[in-house]
């Protein structure tokens, strides 16, 4: 009996760095959360993809629409990469692990940082809209947005493909007890991965600083407008722009800051043969899960920034909610009609007396 328990423990507890064990019983929790995120994210982003790409008479009318379409595509592709990650948690197969490490993780990071960059572009676009309300700035044109989007996809796709090729060329022989990608990578693939993650970390910092800068300047303009008592319409537009910028900053910070606080220490200290590597291993898994949750939060950005998308969502709302919204209007119409009915006899009497 005790021998069977020991064998079961040895199956459920595998090593991170050769010394400290990893309890794989928490994988059930990750499978549950990732499955929920996959289903909800796929549903939301499929609806968004249909809205942006499947409308027959729809034409791109602004640079913001271009960025929102690309952000939707990145989120949708990220959703499609989650089943590989879920299968890796559920399986102990080395083949599944190698598929996860060679394709699943690079695709996940590729789409994650594509989303990060396009969130930065959207924030910059909204800030330029405040500075140049007429839309005359070169970066506000649809052509510039398309060119920038194409360059972004190409620049992130190149290191992703190069890492996948390096992995398959220099992969280690299969070992049955591996449970994390850092033990699968060769020395050259690990070095390339560290270099790529360092560059991606710099990109994240640039986008984060830009978002904070845009929000700070927008808030400053709102304060100046209130002090100088500008027209109410201009003041309302600035307040709305600040709320939209705050939404972008909040979604960005909640989803991506925890991951980047853990990722670089995790990369450089994982094989340090200390308890810190085990803690970083679990923190890295949790923060990746939080980052992936971004695919469920981005549709909020679409609702606040795109009037057409918001109108489409309202049309797809359940009929009972529509009835709730219609009933007060009907009551107002009935009351106004009753008032008219009571007023018409009085007016007729007055006119007859005259």
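Even glycines carry a Cβ here, placed using N, Cα and C.
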*For the record in TrEMBL, which of the ranges 26-45, 46-65 is the transmembrane segment one?*
26-45
_Tell me which of 245-268, 317-340 corresponds to the transmembrane segment entry in TrEMBL._
245-268
_Touch test for the transmembrane segment (66-86) and the transmembrane segment (288-309), at least 3 Cβ pairs under 8 Å_ = yes
*asked:* Six or more residues beyond either end and a Cβ under 8 Å away: which residues meet both conditions relative to the transmembrane segment (195-216)?
replied: 109, 113, 116-117, 119-120, 123-124, 126-127, 159, 163, 242, 245-246, 248-249, 252-253, 256-257, 260, 263-264, 267
*Over the domain 'G-protein coupled receptors family 1 profile' (44-302), what does the predicted model average in pLDDT?*
85
